[in-house]
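According to TrEMBL, the features are:
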type: BINDING; residues: 37, 38, 39, 40, 41, 42, 43, 44; note: ATP binding site
type: DOMAIN; residues: 10-360; note: domain 'RecF/RecN/SMC N-terminal'
């Protein structure tokens with residue numbers, strides 16, 4: 001069973017004018033929250049609302065305009081999450097203001113969304129993530145970056161600075177800007193790309209270690225591959241002077257300017273890394289069956305859940321699982337429920353009927369229904 005102590009921190013989620021919800025209040029104080037309802041009832045919308053208490057666009061990757069209630073699009077949406085922490089109440093609100101999503105903590109507006117990672121870590125599995133293995137490398141890299149960010153919050157700042165510099169460099173190359181401007185952009189890229197590489201490697205080392213402990217799910221390994229990764233690994237190993245590595249990296253980007261001016265993009269760097277997930281049988285995840293892919297994804301999420309508690313024991317941790325029981329056979333589903341019962345973290349799950357959650361203990365069961373176009377929460 002879940003230890004109830006950690007769940008006393010959670011008090012209330014309030015949702016107003018958000019997607020299919022005109023207004024809703026969800027009180028809970030223990031274990032897993034199981035959202036039961038027909039397809040289209042609004043279960044995933046509720047998970048999305050909770051996911052917005054993390055940096056970014058939430059689990060659907062939508063824009064702020066998409067979150068408005070369809071029948072009240074002129075009325076601003078607002079979400080509130082009230083938590084009880086050992087140091088006192090923690091009330092978080094997120095809402096739209098002048099076309100941007102804002103977050104406040106106890107009434108004080110955060111300067112940047114990344115700041116919320118000081119109190120909350122959030123991760124999720126959705127059907128869209130299930131499909132990412134058959135999409136481009138960018139989708140997997142984005143997912144990996146979110147894992148790394150939850151473990152190392154500073155990573156988000158380095159990644160954002162690097163990506164901004166790359167975009168600025170691309171524009172400078174297109175407009176044939178001066179070498180002075182390009183030098184400045186490439187200096188930012190050098191400093192942040194090395195930090196990105198190092199943090200990714202730390203995360204991979206820890207993740208692979210925790211993956212070995214998932215005895216009831218496929219044994220997998222994770223790594224990053226790419227021209228940049230191969231180059232920097234070789235040079236970091238062969239050079240004791242980081243300044244030498246930085247100097248050589250600057251030369252590479254400077255030497256690529258003419259070529260990348262015509263291509264219109266930066267072709268070398270950590271933004272091209274390939275995140276490779278491999279089954280114990282040496283099959284890359286994209287070539288595995290749908291059921292194997294789901295089981296491998298569960299292995300990753302369980303490893304993350306254990307890591308985040310080790311790295312940030314005082315934070316509030318949320319795991320959002322949308323239709324996670326799909327494509328899992330009875331054996332693996334039972335093993336997943338057992339593993340979730342042992343996690344001692346906030347786990348929210350969706351399903352069409354209660355039967356699929358057989359074996360889950362100490363939970364809140366919430367029925368989600370659609371009435372006259374609005375989602376209604378029934379306890």
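Easy rule for this one: first residue shown is 1, then count along the chain.
Any Cβ shown, glycine's included, is placed from N, Cα and C.
The model shown is predicted, which means the values in this text are computed figures rather than measured ones.
All features noted in TrEMBL, drawn onto the structure.
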{"residue": "37", "record": "ATP binding site", "contacts (Cβ under 8 Å, 6+ apart)": "43, 350, 352, 367, 368, 369, 370"}
{"residue": "38", "record": "ATP binding site", "contacts (Cβ under 8 Å, 6+ apart)": "352, 369, 370"}
{"residue": "39", "record": "ATP binding site", "contacts (Cβ under 8 Å, 6+ apart)": "352"}
{"residue": "40", "record": "ATP binding site", "contacts (Cβ under 8 Å, 6+ apart)": "370"}
{"residue": "41", "record": "ATP binding site", "contacts (Cβ under 8 Å, 6+ apart)": "368, 369, 370, 375"}
{"residue": "42", "record": "ATP binding site", "contacts (Cβ under 8 Å, 6+ apart)": "19, 20, 21, 368, 370, 375"}
{"residue": "44", "record": "ATP binding site", "contacts (Cβ under 8 Å, 6+ apart)": "59, 60, 126, 322, 350"}
Around the recorded ATP site (37, 38, 39, 40, 41, 42, 43, 44), other residues with Cβ within 8 Å of the Cβ centre, ordered by sequence, are 350, 368, 370, 375
Residue 37 (ATP binding site) -> DSSP, reduced to three states, gives coil
Mapped onto three states, the DSSP assignment of residue 44 (ATP binding site) reads helix
